[in-house]
Amino acid sequence: MFENEILMQRLIHQICSLQKIAGINEQMMSEALIEMTAQDELSVLMKKDEMEERKEGNMQYVPIVDGGWGWVVVVGSFFIHVFADGIVYSFGILLEIIMKEFDVSNAKASMIISLLTGLTLGMGPIASAITNKFGCRVTTILGSLIATTGCATSYYATSVEYLMVSVGCVMGIGFGLMYCPAIVIVSMYFEKKRSMATGIAVCGAGVGTVVFAPISEALIKISWRTVFAVYTVIVLMCSLCGATFRSLTFVAVEDETKKKKVLEEDEKNGFVEMVHQHFTFIDEENGPLSTTLLASHNQQDINDVEEKNGKWERSKSLASNISHGRSRRFSESTGFIAVKDVFYTGSMNELPQTECHRSLTSLNIKDDKLNLKEEEKISKTRGILRTMEKMTNISLLANPIFLLYAISNLLTSIAFNSPLVFLPSHATNLRLTPTQSASVISAFGIMNTVGRILVGLISDRKLPCKYGKDRAQNRLWIYVSSLTLCGLLTTGVLFCDGYITLAMYSGLFGLTLSSYVCLTSVLLVDLIGIEKLTNAFGLILLFQGIGTVIGPPISGQLADLTGSYNMSFVFCGVALLISGLMLVFVPQIQRKQTVAVA
């Protein structure tokens, strides 16, 4: 009996030992199986990822343009031009009161407006770089907040020097940050309808001048400080306009020929069928592709291993990171500055199809083959300084045609703002009432708006004349004729002795000067090509900024020396006349360059 009990205990012990060993072996076999499952899953994921990368190589991501939210963007850009340009163009009314308030000369007071307009334009390359880095929405809102700060602090001004800083520098920087994205965002949203969309947006400048001239005149009757208080609220509203500048939406367009070729290669490699057996692909717009687990293995076993040793979790995470890295490269770019036609405001139908078609690849998307570390290093080097360098590369000045055009822009900019700045004071000298002075400025705004529309309609059409089939030559001659006529009209201001004649000059000045605003970037493309537009536009902005800084003080100094504004207008007229006539030599230089190349 006792021996039987001992034998029974030994038997039980042996059975338990065998069960334990069997359990351990079973566990080891299970873990080994699941680990192999995880490795197989990772292998399939990586093969799937490879296939998708090859597929993406044949995908073209194009933006949704010429409609939709783009028209909301146009409205936002329009009102930014209304508010910002309206304040700048009607500032001459306020400047007259400031000179009396602080008892300063024309030359000194005009430094306020020269800094304001000069920095607005001169900030072009910097604003472009910031826009390229942070986007149109962020840059516009930032500019609005900076300009609002400058306008608000101007309420407490105690000297002209104070206003030079608050209005000239702070508001100038803010307006510069607003101006660039307001133009760029419209170009990004429109291709075929770009000329019309841009025309609508920039017409806000003329509308703003018409509206703000009488508003400023009415507010000045209360106090010049009240003008700045109201302007503060108006400038702050630009941030709401900037909030409409959201990013473009891209859609994928696949090249069927390349797709068929890739699929044939994949079938030869034998993993297309395997992937389709084990995975469900969920195509999300600009998003990662989701997967399901291998159906041939037990989901619970995989979960057990995930809980026990995390091997499957790490494998799945690695595969996810591969897919995420690939997707992230599709969403990142070097920004709008890589789009060669972004500063082109004319009709995209005028450009060859290969030049005007934009896709995600045209935005300099980083190469899929780069690993994440290399990608991060590259993204750090492509910052604000690189964009500024691209826009201000002075090597383009070696091109005689561009140099001639840049000097012409410099002279035009010298004379662009001075007539508007001193027209109210000149009207006062002619004994016009404050209301009449304001209406003279409004005449400029009305006709400038009309002129921009007319130039937009004519510049892309063939003209009914002997050489009218060449649209590029048509645009050049429209530009030259307008500036030349504008110069002649401005020199003739000394013959204006009353309200009617001065209002007529102001209107014609706005009409003829409209081509300068509308055709600057279009002529750049005609003269040097779309490939160099970004660099050329950046340099032109610098030339314009310099011109607008030195123009009003020179005109103001002439007024102080002569005791009249007549010589100031003559100076501006001569500058405009020269800026137009010097471009007459462009066709001759082009012919010489063509012969030299041949």
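Glycine too: its Cβ is placed from the backbone N, Cα and C atoms.
What TrEMBL records for this protein:
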TRANSMEM  69-91  transmembrane segment
DOMAIN    70-591  domain 'Major facilitator superfamily (MFS) profile'
TRANSMEM  111-131  transmembrane segment
TRANSMEM  138-157  transmembrane segment
TRANSMEM  163-190  transmembrane segment
TRANSMEM  197-216  transmembrane segment
TRANSMEM  228-253  transmembrane segment
TRANSMEM  396-416  transmembrane segment
TRANSMEM  436-455  transmembrane segment
TRANSMEM  476-502  transmembrane segment
TRANSMEM  508-529  transmembrane segment
TRANSMEM  536-555  transmembrane segment
TRANSMEM  567-586  transmembrane segment
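Remote same-chain residues near the transmembrane segment (163-190) are listed as 63, 65-66, 69-70, 73-74, 76-77, 80-81, 84, 88, 98, 111-124, 126-128, 130-131, 135-137, 139-140, 142-151, 153-154, 157, 196-198, 201-202, 235, 238, 241-242, 245, 248, 336, 339, 341-345, 348 (criterion: CB distance under 8 Å, separation of at least six residues from the stretch ends). Ranked by Cβ pairs under 8 Å to the transmembrane segment (508-529), the stretches 111-131, 197-216, 228-253, 436-455, 476-502 are led by 436-455. Using the rule of three or more Cβ pairs under 8 Å, pairs at least 6 apart in sequence, the transmembrane segment (69-91) is in contact with the transmembrane segment (436-455). Proximity of the transmembrane segment (536-555) to the transmembrane segment (197-216) is not established, fewer than 3 Cβ-Cβ distances being under 8 Å for residue pairs spaced 6 or more apart. Taking every listed stretch (111-131, 138-157, 197-216, 476-502, 567-586) in turn, the largest tally of C-beta pairs under 8 A with the transmembrane segment (436-455) is reached by 197-216. Scored on C-beta pairs under 8 angstroms, the neighbour of the transmembrane segment (111-131) with the top count among 138-157, 396-416, 476-502, 567-586 is 138-157.
The list of residues near the transmembrane segment (567-586) in space but at least 6 beyond its ends in sequence, with Cβ under 8 angstroms from a Cβ of it, reads 401, 404-405, 407-412, 414-415, 418-419, 422, 426, 476, 479-494, 527, 551, 554-556, 558-559, 561.
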